[in-house]
Amino acid sequence: MIARGLLQALDSRQRTLLTLEDNQSVQTQTDNRWEGIWRSATSHYRGGSRRLARVFNILELPPMETSADLPTIQESHELAATALRSAKRRRRRTGPGPSPRLLPGLCSRKKNMAIVSPARHGFPFASSVQPKQSKQRSAISSRGLPILNFRICDLPSVDMFVPTANPVREPPIIVANTVLSLLALNYPANKLACYVSDDGCSPLTYFSLKETSKFAKIWVPFCKKYNVRVRAPFRYFLNPLVAAYDSEFRKDWKMTKVMSVVILIYFFFNFFREYEKLRRKVEDSTGDSFLLDGDDELETFSNAKPNNHSTIVKVVWENKGGVGDEKEVPHLVYISREKRPDYVHHYKSGAMNFLVIDFSNTSIFPSFRYRSLSSSGSSESFFARIDINNVMIHEFEQLRVSGLMTNAPYMLNVDCDMYANEADVVRQAMCVFLQKSKSPDRCAFVQFPQEFYDSNSDELAVVQSYLGRGVAGIQGPLYCGSGCFHTRRVMYGLSPDNLENNGDLSSSATIEFLDEDSLARKFGSSKELVISIVEALQGKSNPKTSLTDFIEAAQMVGHCHYEHQTNWGKTLGCLYDSVAEDMNTSIGIHLRGWSSSYICPDPPAFLGSTPSVGFEAIVQQRRWGTGAIEVLFNKQSPLRGMFSSKIRFRQRLAYLWVLMCLRSIPELFYCLLPAYCLLRNTALYPKGPCLAITVTIVAMHCLYTLWQFTNNGFSVRSWILATCGWLFSIHDILLKLLGISNVGFVVAKKTTPKTMPISGYEPIQRQDDGPNSCYVHKFEFDNSCHFRSSCHHEGGRSGLAENCACILVILLFLPFLKGLFAKGKYGIPLSTLSKAALLAMIFVVFAVGY
Ligand SMILES: O=c1ccn([C@@H]2O[C@H](COP(=O)(O)OP(=O)(O)O[C@H]3O[C@H](CO)[C@@H](O)[C@H](O)[C@H]3O)[C@@H](O)[C@H]2O)c(=O)[nH]1
Ligand SMILES: [Mn+2]
């Protein structure tokens, strides 16, 4: 691993460099921050090993001069190991210095390592590895270092999808912050478009987006001008000095004279006031009162129910180019797909497919189309005109309609509760996509890890750190549903085999995909659609169609009857049939032989909100667990097609991680056994040497997992807490397999961020945890509708091993136990108490054998 890491770093000689310049000239663009990190890391290591320093010095030079000096794999392994050891020693002596984890690739076991990606995808951050003096820098580029040069007009466009589902559980101010952070990304504004899909069809969400777009017009130019690092206002206003990049803002803030500081303070408070205004407006506008604002547009929502309404498409803001600040804000579109009570809508995957289908084709925004849309100014927007009752059918309609427009090759997928914490994130992803990879299994998607600002989702972090980085070395990371850049053609069902090295469709694929019959089978039989899909698959952009042509074509495909023969949700787009649609889709892509890349920058590129431990957390884990087992029984199951699919064997094994929640069954028995043995007065463990074996295995497991946690910087406490929660999904899946009930997507509750001006950083507290934060890790028994099994039986005396086992059980289920002895909302309601008592009685009767 270390050797690979170092080689990856060495690989960075073939560095990828994205250059962006407004005047469209090709210039080197350097990211100061990464350069700083790299420099501190190298100087740190320099002390550790002279030979390693030589390697790093080599790295800073152009490849032509150094290739002869490169170490062998064996050598680099030794160098890396020596450097690690001495860095650790040094750190122990001098306290935390620049952390070794900042050194890309080297310290793969450390948290927040800069990047792990399959070596063939190279090392995107290499762009930051630049010699200090600008003289040298230009020399390098003039010497022809392999730089990926892109003029602005050549950069691919990216559509950003933000799904939201419930304005109560997902307060619109959270969505607004996510959207603002995306709109303000460092990427040409006319190449970005942000689509908010609202499954709740809430006027409140629409209203807040409208307000957001107004605020964006001052916020986005401000962020870009001062290179603000954290571009979600609620985080920025926690501590603007830290949130700002080191560059101009800090310079202005610190160094310039009183006058400019005053101006900046005025600036800041102005923004803060504007943001507060936005926040208040959004938060105050509950109920229907704001509908009476005289805003005609909101009338669209008057008859819409979350579960029963036709499609609503609203262009909240359109980037028409032009001059000044306004051209800095990308398109912002609100859409709410059609829903009818009798039809399945496939939760988030349905929403994503709708977005993919609908709008991934908007690299050049067809402004004429939307202008006429808004001039119609009613809910009967264009898409609503081809309204069909069946939602599934409706989706296919959208596919056909969108096929008539231009194709955007990449799309970013972000949950509404995850803001972009790194303004360069699109460029980082593009560095991976735009490399001319020689390998045929090109990168299908780029995943950034999920990290959270409001709670330590310790177990997830540990899993990501081990599983995520591990699989990154096989076929690539799993798609986790958020913080992921997808390639459109892959979502359309292409395999790597279908493409030539230059990205064109191969001749056999041309026959297979572009055959009229198969196109009709997959996408429908409209001629216009067939033409546009062919162009999309060939990687061409479609010619713009005039609006009238578009309407005609769309109406023509409006009443067709081939919907159910299409592959949408089966092999195309986000796959259905699991509430963990991310896992499902991910397997679908890897099964076809694509690889993926993992970018793991520090600080994290996206930060989200997630419930820590408590009722909400268990609801979420239950959904994940259920979704994961559902995946096992699907067509895309990692257990199927052992020899037919192109997924690598070790990648397949990695997917079996989804079985993790099954461990709750033996755990449950393990919890019951000590009590059973105590009641029956029998021994749980064998005597003699066999006991030693059992104890050794259990101890090794515990110590190993504990080490994983502590190694990632988490406390022993978080290791204890991670065990609760998987059991409930077993129950769900049994009911689904027996056909008794279906599994739904319960949206996790998000907490409203609180903003604090300048007074410094204060961590955001979860609102429903109340003022007393010591309750954060307690299980809420009250309102726990899903609390059905209990597993705490203890007492009596028996062998030491049995007693130790009991202690372990108590430790593992500590949050439940704390709840047992608490009062009020953390106490146990009488009904649960009586059910538990009954279960316990049955258990005792069974155990004692009466
Ligand atoms: O019918 C639905 C349900 C949910 N969502 C959206 O899906 C996203 C994720 O929902 P959330 O409640 O936040 O779930 P989490 O458990 O936090 O999400 C994780 O797990 C999900 C699968 O269970 C993945 O889809 C997510 O990407 C992943 O971040 C949110 O933006 C929701 O608005 C919809 O658009 N429609
Ligand atoms: Mn979430």
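Placed from the backbone N, Cα and C atoms, the Cβ positions cover glycine too.
Just so you know, TrEMBL annotations never went through curation; they're auto-generated.
Per TrEMBL, the feature region 'Disordered' maps to 85-104.
Sequence annotations record features per position, and here TrEMBL assigns UDP-alpha-D-glucose binding site to Glu170, Asp199. Proximity of Glu170 (UDP-alpha-D-glucose binding site) to non-local residues of its own chain (separation of 6 or more, Cβ distance below 8 Å) is seen for Thr164, Cys416, Asp417, Val747, Lys750, given in sequence order.
The feature Mn(2+) binding site is assigned by TrEMBL to Lys348, Asp415. DSSP gives Lys348 (Mn(2+) binding site) a helix state. With a 10 A radius on its CB, Lys348 (Mn(2+) binding site) counts 23 other CB atoms from all the protein chains.
Feature annotation from TrEMBL assigns transmembrane segment to 654-678 (among others).
Sequence annotations record features per position, and here TrEMBL assigns transmembrane segment to 690-707 (among others).
What TrEMBL lists as transmembrane segment is 719-748 (among others).
According to TrEMBL, the feature transmembrane segment maps to 800-821 (among others).
Here TrEMBL flags 827-848 (among others) as transmembrane segment.
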Review point. Once the chains shown are all counted, how many other Cβ atoms turn up within 10 Å of the Cβ of Asp199 (UDP-alpha-D-glucose binding site)?
Key: 24
Point to revise | Whole-number Å value for how far Asp199 (UDP-alpha-D-glucose binding site) lies from Asp415 (Mn(2+) binding site) (Cα to Cα) | key: 13
Point to revise | Asp199 (UDP-alpha-D-glucose binding site) versus Lys348 (Mn(2+) binding site) - Cα distance in angstrom | key: 8
Check your understanding: Over all shown protein chains, what is the count of other CB atoms within 10 A of the CB belonging to Asp415 (Mn(2+) binding site)?
Key -> 26
Practice item. Measure from each Cβ of the binding-site residues Glu170, Asp199, Asp415 to the atoms of ligand 2 and list the residues where some distance is under 6 Å. Key: Asp415
